[in-house]
Amino acid sequence: MSNVLDLTCELIRRRSVTPDDAGCQALIADRLRAAGFGIEQLPFGDVRNLWATHGSGGAPVLMLLGHTDVVPAGPREDWQTDPFEPVVRDGVLYGRGAADMKGSVAAMVCALEAFVAAYPDHDGTVALLLTSDEEGEAIHGVRSVAECFRATAQRVDYCLVGEPSSSRTVGDTVKVGRRGSLSGALTVHGVQGHVAYPDKADNPIHRFAPALLELSQRQWDAGSADFPPTRFQVSNIAAGTGANNVIPGALEVQFNLRFSTAWTSAALRAEIESVLQRHGLRFDLRWHVSGEPFLTAPGALRDAVRDELLDRLGQAPEESTVGGTSDGRFIAPLGAEVVELGPVNASIHKVDECVRVDALDVLADCYAGIARRLLVTAEAVAPGSEPSSPT
């Protein structure tokens, strides 16, 4: 069993359903402390966050970012095997968190151990940030840590996120940015009444229909070379008493926009509220911003990731911004270059979540190689000092 596989299995056995860390970070802290890392716990509320650093403490700072929490597994009978008892079949590891993202976390830890063993006097600082609050509310995790970093002037130059970015094979796709996410909970007010007397009522469904048509069919922007067009999507609509002869008094609508850098959440909120007002609706609207969009421009981190994957896998990755949000959205505003590189995402949040064992080994080698490209100057590399494989 490889070092990465062994650690991944140990982490999967810990039932760290968000926001419970279930001892994952303590296990990792012990390993990194033994490798010479400084360890700092950053708890906020019931969330555990681990900050591990090695080096001078100065620039450049390369941070590897991951999470130890997982989504619930659901009914045991839906899985072929116990989701928290890892099983390897035909070169594939099964278990909750195998792909999202205990496999990446294990690969990062093994990569860091190998890197500092080979280059104990590397340039700058190499660090690992872990949270147990990525899959849940994501308030007391990296969001709070980023606020702490801002208050203490903790710089982050490069951030490598282990989210499952790959599409078909490990390393075929990396994320160089993410769309913003804005959700709204809308209540449209009407007047309840009998369907036979519509003149004595005010149907909020009918009232809202033209506004919904406008919002859903609008071209918010044309997209760009880096981002798909901004989209408005309704996720839930509810109204009525269940009886077919009662006009409802209110309509509840939940919606979401995934938006590009052509917009800010504030501008979108103002535009949507303007549309609702123009249609003469009486409404209440609660907003939730999961994150603003960000894009990492071509630079040192994108170059290091591309060159490492090209040299190791023989093919440069596709650089993409599609998909959901990640904790990188909290680190990018600190001025960091952010790239996501992780395993194939086909099984994440699904029954029988899985990852190829050889993909975990590839990831560990790539993480160590990227660190070398960013934190080891050519003149500092002695002949034969390449790190042994983390696997």
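Backbone N, Cα and C atoms are what each Cβ position is placed from, and that goes for glycine too.
Keep in mind the model is a prediction, meaning the values are calculated, not measured.
Record check, TrEMBL: Zn(2+) 2 site residues include Asp100, Glu135, and the candidate from His288, His349 also listed there is His349. The candidate list Glu163, Glu214, Glu252 contains one residue that TrEMBL assigns to the Zn(2+) 1 site with His67, Asp100, namely Glu163.
DSSP assigns His349 (Zn(2+) 2 binding site) to coil in the three-state reduction, placing it in neither a helix nor a strand.
Comparing C-alpha positions, His349 (Zn(2+) 2 binding site) sits nearest to Asp100 among the recorded positions His67, Asp69, Asp100, Glu134, Glu163. For Glu134 (active site, proton acceptor), the recorded positions whose C-alpha atoms fall inside a 10 Å radius of its own C-alpha are His67, Asp69, out of His67, Asp69, Glu163. The Zn(2+) 2 site is defined by Asp100, Glu135, His349, and by the 8 Å test on Cβ atoms against their centroid, the other residues of the chain that qualify are Val70, Val71, Gly97, Met101, Ile348.
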